[in-house]
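Take a look at the structure below.
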Amino acid sequence: MSVAEPTSDSAPFFSDDSEAEGSDERREVAEEPASGVSRVRALLTVLILCYINLLNYMDRFTVAGVLPDIEHYFGINDEKSGLLQTVFICSYMFLAPLFGYLGDRYNRKYIMSAGISFWSLVTLASSYTPKEHFWALLLTRGLVGVGEASYSTIAPTIIADLYVQGKRTNMLSIFYFAIPVGSGLGYIVGSQVSALAQDWHWALRVTPGLGLIAVLLLLVIVQEPKRGAIEARPEQHLHQTSWIKDLQALRRNRSFVLSTFGFTAVAFVTGSLALWAPTFLLRAAIFSGEKVPCEEGHCSSSESLIFGIITCVTGILGVASGVQVSRALRTKTPRADPLVCAAGLLLSAPFLYLAIVFAEASTIATYVFVFFGETFLSMNWAIVADILLYVVVPTRRSTAEALQIVVSHLLGDAGSPYLIGVVSDALRRSDSFLWQFRSLQLSLLLCAFVSVVGGAFFLATALFIEKDRQRAENYDPTDDEPIVVPKSGRSTRVPVSSVLI
């Protein structure tokens, strides 16, 4: 067994892959790490990136935590409510390739700092939207995606240049813990700040100040690591290729393509639930008589609070259990990662279905099913990121991250909140409390079906993961360069792959 593989199925969550790797580290204490970043600074970098990721998702789902208040304030229907998430995701999605291109070629720390500063200022501006101008809230929420695109495409690649193998998986796990925890905090902080201030606008004024603190931490503490050096493939040995060649190489990477479609299903489901679950639970409580209708300026916040707590807890359990199960299975099969992702999606589908169906009958049963459904759904986050990083060479990782963001959001959560709202409005026969609840219930059933489709994509990924990982680990930049061979008395340039020796 190589030192790159775990030596025991019972390795602790934050352990190194083997004792040999630990002894190597002790010998290198006095040496400068290959990445050019000290161990302490590397750990601080991960913690800072984790903090920013938490703010990212906290800001993203603050709106969902106060959505009933926003609907009442502007007098909008489900279709327009869904647009709030859609416009944000669309700007985020379309700008991701630009920042991916820049992140593969320029200093990533400065790109992120500029993006986060812009995001914080625009978020603060959105909190001053007047009642007569719903379009202004849509515009500012769209601009928030500009800043977040600059961060999400780049941060995982910095972690990849600081750590390898088991340590990289552990650090990515810490990083992706921030997604469910930040999402849950978005619901909690949004609903509770709104309740305290009796004004939903104040919910959007929490994250901007925290974002500017993050910028200062980035500029003062974070150091740009050398690309690929930690993998014994420094930048000078990994030549940059054109953006078109990068895209062509990624298109031929079947593990990357299939896992991206699988993750698209995750994005579709989480995007739908993120915006609509608290509102759906509130409508279920009103329909069953547990709550009075929302007729004043401030609606009940208990559903957002409970759903936020569930999201935090299930996110931690899901990410941790996904990594642990994957680590245990890696000793038995190299296809462990996509198989665990597939199992998570396939197991989440029946629980999400039951949560939606039981909403009118039993509130407790609904929350229990939501708990298990979100736990299984969260098993994918860190593993999908790890798959991308080990099947793609270092000089293409930011581009790959950006492309995965574009596809997963374009076909996933960019349209799913709006689609759920459109279907809900189309199914509603009247404005009664019965049909406000029933139409949204029927439209949300689509999430269970999409989870099954996503599981199938990850099962297909398992068929190609070994070969694609080996190809990335043994990548030779000269494979991308054409060579000259004679043809009918003249020389011509052809790809290396077309020449048989």
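Quick reminder: no glycine exception, Cβ is built from N, Cα and C everywhere.
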Practice problem: Choose the correct range: of 60-78, 402-420, which one does TrEMBL annotate as transmembrane segment? Give that range. | Solution: 402-420
Quiz prompt | Any contact, the transmembrane segment (402-420) to the transmembrane segment (83-103), with at least 3 Cβ pairs under 8 A | solution = yes
Quiz item: Are the transmembrane segment (338-358) and the transmembrane segment (440-465) near each other by the rule of at least 3 C-beta pairs under 8 angstroms (pairs 6 or more apart)?
Solution: yes
Self-check item: Contacting positions for the transmembrane segment (83-103) when only residues 6+ beyond its ends and CB under 8 Å are counted
Solution: 60, 63-64, 67, 70, 111, 115, 137-139, 141-146, 148-150, 152-154, 157, 243, 271, 274-275, 398-403, 405-406, 409-410, 413-415, 417-418, 421
Quiz item: Thinking of Cβ pairs under 8 Å, which stretch from 255-277, 305-326, 364-390 has the most of them with the transmembrane segment (134-159)?
Solution: 364-390
Quiz item: So, do the transmembrane segment (338-358) and the transmembrane segment (255-277) meet, by the test of 3 or more Cβ pairs under 8 Å (sequence gap 6 or more)?
Solution: yes
Practice problem: Count, for each of 110-128, 171-190, 202-222, 255-277, the Cβ pairs lying under 8 Å from the transmembrane segment (364-390), and report the range with the highest count. | Solution: 255-277
Quiz item: Between the stretches 110-128, 171-190, 202-222, 255-277, which wins on the count of C-beta pairs under 8 angstroms to the transmembrane segment (305-326)?
Solution: 171-190
